[in-house]
Amino acid sequence: MFRMVCNRLCPGEEKRVGTRTVYVGRQPASETDSYIAPKFCDNRIVSSKYTVWNFIPKNLFEQFRRIANFYFLIIFLVQAIVDTPTSPVTSGLPLFFVITVTAIKQGYEDWLRHRADREVNKSTVYVIENSKCVKKESEKIKVGDIVEVRDDETFPCDLILLSSSCDDGACTATTASLDGESNFKTYYAVRETAALCTEEAFDTLSATIECEQPQPDLYKFVGVMNTYTNQDMKPSSLGPENLLLKGATLKNTKKIYGVAVYTGMETKMALNYQGKSQKRSAVEKSINAFLIVYLCILLSKASICTALKYLWQNNPANDEPWYNLKTRKEKESFKLLKMFTDFLSFMVLFNFIIPVSMYVTVEMQKFLGSFFIAWDKEMYDSEIKEGALVNTSDLNEELGQVEYVFTDKTGTLTENTMEFIECCIDGYKYNDSMENMTVTDGPAFFGKATKDREELFLRALCLCHTVEMKKEECQTDGPAGSTENNGSYISSSPDEIALVNGAKKYGFTYMGNENDYMRVKNQRNEMEIFQRLHVLNFDPVRRRMSVLVKSNTGDIFLFCKGADSSMFDRVAPGEIERIKVHVEQNALDGYRTLCVAFKKLNQEEFDKIDKQLNEAKLALTDRETKLAKAFDDIETDMRLLGATAVEDRLQEQAAETIEALHAAGMKVWVLTGDKLETAKSTCYSCRLFQNNTELLELTTRNLENYDRKEERLQELLLEYHRRLVQDAPKIKSGIKRSWSESQEYGLIIDGSTLSLILSSNSNASHFKNIFLEICQKCTAVLCCRMAPLQKAQIVKMVKNSKGNPITLSVGDGANDVSMILEAHVGIGIKGREGRQAARNSDYAVPKFKHLRKLLLVHGHLYYVRIAHLVQYFFYKNLCFILPQFLYQFFCGFSQQPLYDAAYLTMYNICFTSMPILAYSLLEQHINTETLNSNPKLYMRISDNAMLQWLPFLYWTLLGAFQGLLFFFGVYLLFQNPSLDGNGQVFGNWSFGSIVFTTLVFTVTLKLALDTRYWTWLNHLVIWGSLAFYVIFSIFWGGIIWPFLKQQRMYFVFSHMLTSVSVWLAIILLILSSLYPEIVLIIIKNIKSANSKKLQFQLPVLVSYKNVENGYLSGFKTLEYKSSTLLLNSKLCE
């Protein structure tokens, strides 16, 4: 029970133990056995988080775990319990608004999950019961049920394929919804049940399946099916090729029958359903730091006012009036408690300095802002008819802070559309056909291989693969199609299809596979038939695949293809050199190469191999280890036939994109599993390496001639460290993105060398740090022969280095998911290797070239917008509360509020929220074309420049200055309290209303001054908010509200507007508050207009960095330039 609970809580755990026994058809295996139904879970899928009964308590609990929400809850309870100067409504209503909006959003998302679950659970399936096909709901499937699935239907649970409508018992399916692989995959029925193609036939089936317990790995499955016939048991091995996964879709097959082995939340799809770890942006961390500062300000204000209140009351003249005189005993009793309640009252009075509504505004800005990325027409790809996709809107601003970009090569920088270029047979190169030969890449002699070797090589290409012919429809009786079938090829690997097409170009055509008999049409149009005996599937560890076939003459062959590094040590040494020259030349040309070898077996050798493979396939424990050993024993003593070259073209604008990223101050690393020469050539093609870049290598090639490889590696690391770090000219401190001559280096490292560096010996940590310092001094790094785990290790190493640089990983395949999840920001390419990378990423784009606009334009703008939003919120709340604090010095620290409760409640919710939200969604301080064409502008917001302490201090001082001006400006106005011509005196509520009116107009007009990109929506919310405030104030004070105990604002605002002095004071105070900024803007514009070189500048909040000739200098606070200057500035670099 404990293990099951752990499995539910930790669905990613793969080390499950034990097996389960499944009774096929949920009936006993023999007549003498009694059937007791095992306790397996049902087939219901539950992805929802809440129910109707637990939504309110569970959602409230989760929301109040946030410190800000919990803080405002405490303030609300203090107002409700303690006699505070403001109503609980003033903090309760904003808190209620925040909680309600968030609850509605989360409730709606969970309702969508409930609806999706209901659609899946209530969908119709067909189950075989008592020799009949019975219609059921999907959630009622039980383990052991035999299920019928028809063409284009989705598998309702994990099934073992028993039979299909195709004669060979195979079927094809797509697993795009699971691993993103869009190519067709072939699955095979159990041999003993492949002939059972009707409902009645399964009535006679007696079988059990013994398999591993549920585990989330989509590509691993180990089991044995025991079929009972007349008390005889016949075992059959089960593997991933027999398991149809829930969520996959049946294709190109009329129908199949399968037995349910995993159902409901135990299916592999459900076990893989887990939320990605929460990523926090640098902006969130800055917000938390600023909140701490403002919380300290709040505590200081409350403490000062509490202390001064009791100091004030020590003077008998300032104590209670004579008619309310208290005895000394009453004064001394509970004095500490009274001081504490007074402190809480002041906390409540000043608590609006903490902007609770900022969290809602930030979330709305991120959520709504993400739509602009998805709507960007320039990031739409007409080929796949898709645009950009945002999976995580919480990291929009992080796109503007990237320092390191880690990218895959195949399918990311290249198109992953494989085209057969040429081949080499016995050292002779063949380009177009068997009649067109060219000189070998080795010694200069002309000629060609023997006819037998040519045909053997081409047969190997036609037989050593898992390619299938795409059939229009599989029939249950009769042949599947004529031998002249011209259907297209389908495979999970585009490389295999390219090789089969290459063989076809030379006259050998693969015609398909029926019941493990492969048909090949040779150059003489003769049909050759080979029986496929075994397939030794490809895996990334051994980097090879093989097939065992038997010709119609009885000869048995092993054909093998794989990477040169995995093949050369398994063939005769004398055959390597003439092929190796060709392979290395093709790798330098940027082609993907594979070597092809064969071995002829006699019957005795095959019987031994067959026994070894069958024993390994039937093993329930350590099956993979036993199969790996069997493969290793079989693939030895082979004869090398030749090699192939396949081209994977560079993606459009990939080179220009990498150049732009470099110019923007980002360092680009390529992490690939390809061989060094191919990856190196691609890096030159995409301009990652320049012609003047000096390359440093840490590869096996540097270490292979040394007995003690670790010592030699350490020597190289120390040498490179001395050249790049110790002897390099010192760079000005505080600069993280400056290039210099000492940094025109590129580093190349392979997977095996990286393993030595990251090994667990005592010196590993020291040399790991040296390696990291070397990498950081290089302009580009190429990591080749990388396993998926090593890619993630590289990203993690840089991410956790000194300074915690922001990292971004981009890839297109399942092998890139680990590094995508590890980086701060993960980008998936919607490529040909499937959509698993796109599904696990934070953002997905159709092509690598779209990364340029995503970072340089969207990332830049989102960072500027949200940084301005955060600083503006703290600024306007300080302007709001500082007059309230100053007012206490003039009211005897009596906790008398300066503003009416309605103003306190609606200031952040209604009066000032919409303008900043519109600004944070629409502002373009520099137009998008300029940002895209001038990558250096990206460096000016690097290192979270706009949310550093210097701009934060500026905004704080600006808020303090304006708050002081508002209060004392109105205070001077009230030196003559009779502001009306009739001598009527204005009171304290009039005083507060004048201050509040000046405040609302000033902070709104401040935002209008900062706006550079005006739209109709900006005009609507800015002028509309001001108009709404005036209308609301007139309406609020123009009616006697029956639900209010005190009508203190009745006719106050309207009466205030009748005074010419008040009008003049408000206008003068607004102009005085904004005057310094207006003057600075004018001075900057005049100065910039006279300068020859224009520089882009931001408002005072921005700590834009100066960039001169590509080098970064220190920080400098800058102001906005005029709109005209910004429009013209795009003409200059």
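Cβ atoms here come from the backbone N, Cα and C positions, even for glycine.
Annotations in TrEMBL come from automatic prediction, not curation.
Record features, source TrEMBL:
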- 37-91: domain 'P-type ATPase N-terminal' (DOMAIN)
- 64-82: transmembrane segment (TRANSMEM)
- 121-247: domain 'P-type ATPase A' (DOMAIN)
- 289-312: transmembrane segment (TRANSMEM)
- 343-362: transmembrane segment (TRANSMEM)
- ASP408, LYS409, THR410, GLU496, PHE538, LYS561, ARG592, THR672, GLY673, ASP674, ARG785, LYS791, ASN815, ASP816: ATP binding site (BINDING)
- ASP408: active site, 4-aspartylphosphate intermediate (ACT_SITE)
- ASP408, THR410, ASP812, ASP816: Mg(2+) binding site (BINDING)
- 696-723: coiled coil (COILED)
- 838-1086: domain 'P-type ATPase C-terminal' (DOMAIN)
- 902-922: transmembrane segment (TRANSMEM)
- 952-974: transmembrane segment (TRANSMEM)
- 986-1008: transmembrane segment (TRANSMEM)
- 1020-1041: transmembrane segment (TRANSMEM)
- 1061-1083: transmembrane segment (TRANSMEM)
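Shown on the structure are the features that TrEMBL records.
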residue: ASP408; record: ATP binding site; Cβ neighbours (10 Å): 29
residue: THR410; record: ATP binding site; Cβ neighbours (10 Å): 27
residue: PHE538; record: ATP binding site; Cβ neighbours (10 Å): 19
residue: ARG592; record: ATP binding site; Cβ neighbours (10 Å): 21
residue: GLY673; record: ATP binding site; Cβ neighbours (10 Å): 22
residue: ARG785; record: ATP binding site; Cβ neighbours (10 Å): 22
residue: ASP812; record: Mg(2+) binding site; Cβ neighbours (10 Å): 33
residue: ASN815; record: ATP binding site; Cβ neighbours (10 Å): 22
residue: ASP816; record: Mg(2+) binding site; Cβ neighbours (10 Å): 33
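Residues 66, 68-69, 71-72, 75, 78-79, 82-86, 90-91, 94-95, 97-98, 101-102, 287, 291, 294-295, 297-299, 301-303, 305-306, 866, 869-870, 873-874, 877-878, 880-881, 884-885, 888, 895, 897, 904, 907-909, 913, 916-917, 920 of the same chain lie 6 or more positions beyond the ends of the transmembrane segment (343-362) yet place their CB under 8 Å from a CB of it. In terms of Cα distance, the binding-site residues that sit within 10 Å of ASP816 (Mg(2+) binding site) are ASP408, chosen from ASP408, PHE538, ARG592, ARG785. Within the same chain, residues 88, 90-92, 94-95, 98-99, 291, 341, 344-345, 347-348, 351, 354, 356, 359 sit at least 6 positions outside the transmembrane segment (64-82) and bring their C-beta atoms closer than 8 Å to a C-beta of that stretch.
The transmembrane segment (1020-1041) is in contact with the transmembrane segment (986-1008), judged by 3+ CB-CB distances under 8 Å for residue pairs 6 or more apart in sequence. With DSSP states grouped into helix (H, G, I), strand (E, B) and coil, the domain 'P-type ATPase A' (121-247) comes out at 19 helix, 61 strand, 47 coil. Largest Cα-Cα distance over the residues recorded as binding ATP, namely ASP408, LYS409, THR410, GLU496, PHE538, LYS561, ARG592, THR672, GLY673, ASP674, ARG785, LYS791, ASN815, ASP816, equals 25 Å. Here the transmembrane segment (986-1008) does not touch the transmembrane segment (289-312). Their Cβ atoms form fewer than 3 pairs under 8 Å, with each pair 6 or more residues apart. Separating the Cα atoms of ARG592 (ATP binding site) and ASP812 (Mg(2+) binding site) is a whole-number distance of 18 Å. Among residues of the same chain six or more beyond the transmembrane segment (902-922), those with a C-beta under 8 A of the stretch's C-beta atoms are 86, 89-90, 93-94, 97, 352, 355-358, 361, 364-365, 368-369, 372, 865-866, 868-869, 872-873, 876-877, 880, 992-993, 996, 1000, 1003-1004, 1007-1008, 1010-1011, 1013, 1015, 1017-1018, 1021-1022, 1024-1025, 1028-1029, 1032, 1036, 1049. Here the domain 'P-type ATPase N-terminal' (37-91) is broken down by DSSP into helix, strand and coil counts: 27 helix, 0 strand, 28 coil. Here ASP812 (Mg(2+) binding site) is positioned 13 angstrom away from GLY673 (ATP binding site), judged by their C-alpha atoms.
For the transmembrane segment (289-312), same-chain residues at least 6 beyond its ends with a Cβ under 8 Å from one of its own Cβ atoms are 68, 318, 339, 342-343, 346-347, 350-351, 353-354, 870, 874, 877-878, 881, 885, 888-889, 892-894, 947, 952.
Sequence-distant contacts of the transmembrane segment (952-974), counting only residues of its own chain at least 6 positions beyond either end whose CB sits under 8 Å from a CB of the stretch, comprise 290, 293, 871-872, 874-883, 886-887, 890, 986, 991, 994-995, 998-999, 1002, 1061-1062, 1065, 1068-1069, 1072-1073, 1100-1101, 1117. In this structure, the CA atom of ARG785 (ATP binding site) is 17 Å away from the CA atom of ASP812 (Mg(2+) binding site). The CA atom of ASP812 (Mg(2+) binding site) is located 8 Å away from the CA atom of ASP408 (ATP binding site). Taken as a whole, the coiled coil (696-723) shows an average pLDDT of 79 in this prediction.
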